[in-house]
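Written out below as structure tokens is the structure these notes cover.
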Amino acid sequence: MDPSDFPSPFDPLTLPEKPLAGDLPVDMEFGEDLLESQTAPTRGWAPPGPSPSSGALDLLDTPAGLEKDPGVLDGATELLGLGGLLYKAPSPPEVDHGPEGTLAWDAGDQTLEPGPGGQTPEVVPPDPGAGANSCSPEGLLEPLAPDSPITLQSPHIEEEETTSIATARRGSPGQEEELPQGQPQSPNAPPSPSVGETLGDGINSSQTKPGGSSPPAHPSLPGDGLTAKASEKPPERKRSERVRRAEPPKPEVVDSTESIPVSDEDSDAMVDDPNDEDFVPFRPRRSPRMSLRSSVSQRAGRSAVGTKMTCAHCRTPLQKGQTAYQRKGLPQLFCSSSCLTTFSKKPSGKKTCTFCKKEIWNTKDSVVAQTGSGGSFHEFCTSVCLSLYEAQQQRPIPQSGDPADATRCSICQKTGEVLHEVSNGSVVHRLCSDSCFSKFRANKGLKTNCCDQCGAYIYTKTGSPGPELLFHEGQQKRFCNTTCLGAYKKKNTRVYPCVWCKTLCKNFEMLSHVDRNGKTSLFCSLCCTTSYKVKQAGLTGPPRPCSFCRRSLSDPCYYNKVDRTVYQFCSPSCWTKFQRTSPEGGIHLSCHYCHSLFSGKPEVLDWQDQVFQFCCRDCCEDFKRLRGVVSQCEHCRQEKLLHEKLRFSGVEKSFCSEGCVLLYKQDFTKKLGLCCITCTYCSQTCQRGVTEQLDGSTWDFCSEDCKSKYLLWYCKAARCHACKRQGKLLETIHWRGQIRHFCNQQCLLRFYSQQNQPNLDTQSGPESLLNSQSPESKPQTPSQTKVENSNTVRTPEENGNLGKIPVKTRSAPTAPTPPPPPPPATPRKNKAAMCKPLMQNRGVSCKVEMKSKGSQTEEWKPQVIVLPIPVPIFVPVPMHLYCQKVPVPFSMPIPVPVPMFLPTTLESTDKIVETIEELKVKIPSNPLEADILAMAEMIAEAEELDKASSDLCDLVSNQSAEGLLEDCDLFGPARDDVLAMAVKMANVLDEPGQDLEADFPKNPLDINPSVDFLFDCGLVGPEDVSTEQDLPRTMRKGQKRLVLSESCSRDSMSSQPSCTGLNYSYGVNAWKCWVQSKYANGETSKGDELRFGPKPMRIKEDILACSAAELNYGLAQFVREITRPNGERYEPDSIYYLCLGIQQYLLENNRMVNIFTDLYYLTFVQELNKSLSTWQPTLLPNNTVFSRVEEEHLWECKQLGVYSPFVLLNTLMFFNTKFFGLQTAEEHMQLSFTNVVRQSRKCTTPRGTTKVVSIRYYAPVRQRKGRDTGPGKRKREDEAPILEQRENRMNPLRCPVKFYEFYLSKCPESLRTRNDVFYLQPERSCIAESPLWYSVIPMDRSMLESMLNRILAVREIYEELGRPGEEDLD
């Protein structure tokens, strides 16, 4: 739909935006009976009637118009006098109050009101029992008879205010429509409409039955002397067109037929306020506390239909005898206690008065009463509004004479005010609301100009900016304002990687490119887009240095193509800098989309008075999509991307595709017939103007101008628009509606390159051409304009577009006045007069010549450092020898390097050089390797010094080795790294007969001599180092020897190797030996060979060459059959150590698998679990537990951490076992999200108050009862240590609190309050970037037992359990 399809008087912009005061209540629909108000002459409503069409709408200017159409003002009307202005207030329509058409009786007024039939029915006396309440409000408000002595006093109007006349139209304050010229204005006509008023604004005719008569008019204000005759029926006005009450009367007399428009603000301000001075209480007010019974009896007396009581919440009718519920102090009734409770919990929104529609600010003065035909409760701001609303509801509405005149909505079939008129084909649909308008568009499948965010209709105003456009997902989106555009972008923003450089960007900040296959790709910049296009074209070639900085290319590299030459760049900055300079000589243009340089004929786009140049058609199409180059196609009338602009009969038209161009040409040719031609010169399709015969061919032209210009070009007499030379012009282009000719492509490129920098001295560039006016575009004089406007003729096509363009007069093109003929030339015989001088213009084009010069930014010469060499000399200083108080020199020893020259011979010099060379060979360049070699030499020398003792304590006691130990700093912070490097240097994978249990025995005295120095260095454990660090700083100096001697004086069996690192060579060599021994005797028997399905499986010696299935079944067989070189069976912890080594070997060789958690290795995991389930830790004589598996081994082979959901679960179970002491699956299954909580507290330390974060576990009550039995149980429960895991501030990567918080973030939020689950099964298809890693299904018992058996084989588990509980810091 387009706004131009609406008739001018029913433009959607001119309709009211909000309901007027006294219109439909908020909770009442169109289907209910609506009663008008007759309380005061200051109010009037227009009954809903059929909205007139633009053609049938006439403005009633004079009473003569009323005589021609007397039915316009038929019906019961009422003349209201306000300030000297007389206008008609229409009577409300009738309401059927029964078959007899009863009348309302008023004791204060003897006037009878006729019923629907036009006859006066029988008078019904009032009910004497009603008391004061029996006085009906109608009587005081009915029109008075001419002979009635009772008159109504008009409200007082202040004199110092002025009358303001405005319109009450919706949302169109800026629109204005002028009256046609030449139409005289009647002296009795209404004043000129204000801005925003259109013809027919607010004029509705209400017709009644022919038999109805109109009551006489009330007199005007006293002193005016203006009375209206009963026969004169002024045109009715809506309630929204009243005059403001507080306005003084106009001095002049205004005819009663004048239309007085009143603004919406005036109508809102005219509600009666009891605080005003001129307020008159027209009738006694009914108390809002009136009982329901008296209220029902009064309404029953007025209407034959009884009122039904309904529930205030669910609107269910209450039956007679049913129990009703009511809250104290509130009048609402409810059918059940649930409705009462639900209604009370409703949020209290902004309440508005049912009558005046104003917000109720003071709830104390508000009145809630059950009134109206439906018997529902309504809230009013004051009792005055309640009385006025009851009077409005009690007055009968006369029925319209013709029910077909009522305007009904085409969607909901309700009668009411028309908000939209839609012309679909030949049918005009009238719609009452925006929701019906939306349903109509959805039912008809119409694509109207609506906002894609909020769905509101976008009204196109003249001179106002159009809608906000956005090209998204291949569609053009429209938005009514920038707020909706921002909300749409925020809602649909996604982050995508650039196809070329993989940079993450937001989709609305990226550039889209559609390839030949229709696939859309997103890029972060034009550099990446151009590089992708060059790569797709297959023009990259071999890698070369960067075309700008000559550096080697990095990945990814960037490309650009200029004149069949592909340039390569190392970075986007080089790509951009290269575009600023021309790679070669000649003229190059820059593409407006990809900013690449090219020297071919450009693709040109003329859009919004700007001309854009592109290197190819693809860039032009991408630019259209990016910038939203959208126009309405002249053929299909749809807004799509602009394809081409063509001229038809001098008018430029836009098209969306080539098919629409051909179809429009076909229709245009049929319309013009045989006279339709295509101009040979300007190529426009128009009517034949001139025909010319050239070389036996017939050429058609649209005008003489085109013919003359074509003949100049054909005869080679035209000049080039670039170099101004005559001759053969090969290039022709269309430039802003004109034809330009050029000598060759070089001149054409020069013309395009100077479009933004024209040289006005030598040639007329594009900008200068715009400044030069053609003879047709000269401004006309006012006299010519006036004459031409009187003869203006509009075509039907122009009349159809009046809604789209501003309303203004268009003058028909007239032929310019021919100039006077020049005087005849005087004939001359002089031959010199026949000579024509040859004029030539020389154009000077300045071009900046770019030079490149290399500069060195890095230092390439070695920096010369001046090293001062101090030489001691004796300088005599005179002194006073302490006889006077003068500064005395003070000697301070300063270490100064002084070169010493020792005398030597030639033989000793040669030996010194040889010694230096030997030291260079022995000492490696890596200092870490040098420390290891020094350590090995130190141990070797120690063994030679003392053959009897191999203990490290004897070595330390030796004074010669003490200095070497201190220099190596074996016991410093880098001790662990040095030992790990030493172990890895000793890893020899091809070493035969490597025995793990022989190298790592339970008894430290049986250490293998090949690795004994490694374990000797481990005699001082981390506990001893921590004890040393806890000592004061003054005592630590020189304590290294003391601590070492104390540790050596202990029993040699009190310690075992610690933190030796995982050596994967044991596992790999054991695998090779097992495979070799398995296939040593040839092929194995069929019963012993491994099978994967029907095919036999042969295990390979190289673990990396094995597939997942081979590794699974091979490891399972390896766990069952592996033995030591001496034939004995490995212990379970040793087998676990070998498997951890195999896992580390796979990871270090980029085989990213986890043989302990992946589902492919389930058979191996089950077999390993069988082996570990029977293992029990060995207790050494010093009451320590021995195990070859350490915690550090699990961190090295990535069995602890956050590498996968299973690894994270294994880490949590490891910490819970280590710190909580949970050693069975039942104890782990008692964990839940409610009894494992994160807490933070403040504790006091010698350094001050710090915040400590920990994880606490509150064991269930039944577990405590099972452990604590007998007397004193309560005391033991209170004194039981709290199980907690404290944060690791020294190493946050191994902090239990961090792992627990990360686990909670990956669990479903709905399970964080469960008290029966803690370990959850991971999702089957989840990646590291997934927001959730775990499902709602808990881990089964078998999987927990398998993980727990592997954890219980770690030595640190039992060391932590053997430590005494630390005191709580609370």
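Just so it is clear, glycine is given a Cβ too, placed from its N, Cα and C backbone atoms.
Taking Swiss-Prot as the reference, the stretch among 477-511, 1107-1141, 1142-1176 described by the feature zinc finger is residues 477-511. Checking the candidates Ser51, Ser186, Ser464 against Swiss-Prot, the annotation phosphoserine falls on Ser464.
Among the ranges 73-110, 567-604, 833-870, 985-1022, the one that Swiss-Prot lists as zinc finger is 567-604. When the C-alpha distances from Lys328 (SUMO2 cross-link) to the recorded sites Lys320, Lys847, Lys861, Lys920 are tabulated, the minimum falls on Lys320. Remark: of the recorded sites Lys308, Lys320, Lys847, Lys920, the most isolated position is Lys320 (fewest other Cβ atoms within 10 Å of its Cβ). In terms of C-alpha distance, the listed recorded sites Lys308, Lys320, Lys847, Lys920 place Lys920 closest to Lys861 (SUMO2 cross-link). Counting residues 6+ beyond its ends, the zinc finger (653-692) has Cβ neighbours under 8 Å at 631-636, 638, 640-647, 698-704, 706-707, 709-711, 713, 734, 739 in the same chain. The two recorded residues Lys308 (SUMO2 cross-link) and Lys320 (SUMO2 cross-link) have their Cα atoms spaced 10 Å from each other. Residues 447, 469-471, 476, 511-514, 533, 589-594, 596, 598, 600, 602-606, 652-658, 660-661, 663-664, 667, 684-685, 752 of the same chain, all 6+ positions outside the zinc finger (612-646), place their C-beta atoms under 8 angstroms from a C-beta of that stretch.
Between the CA atoms of Lys847 (SUMO2 cross-link) and Lys920 (SUMO2 cross-link) there is a gap of 64 Å, rounded to the nearest whole number. In the three-state DSSP scheme, Lys320 (SUMO2 cross-link) is classed as coil.
With a 10 A radius on its CB, Lys861 (SUMO2 cross-link) counts 5 other CB atoms from all the protein chains. In the three-state DSSP scheme, Lys328 (SUMO2 cross-link) is classed as coil.
Rounded to a whole number, the C-alpha distance linking Lys920 (SUMO2 cross-link) with Lys320 (SUMO2 cross-link) is 115 angstrom.
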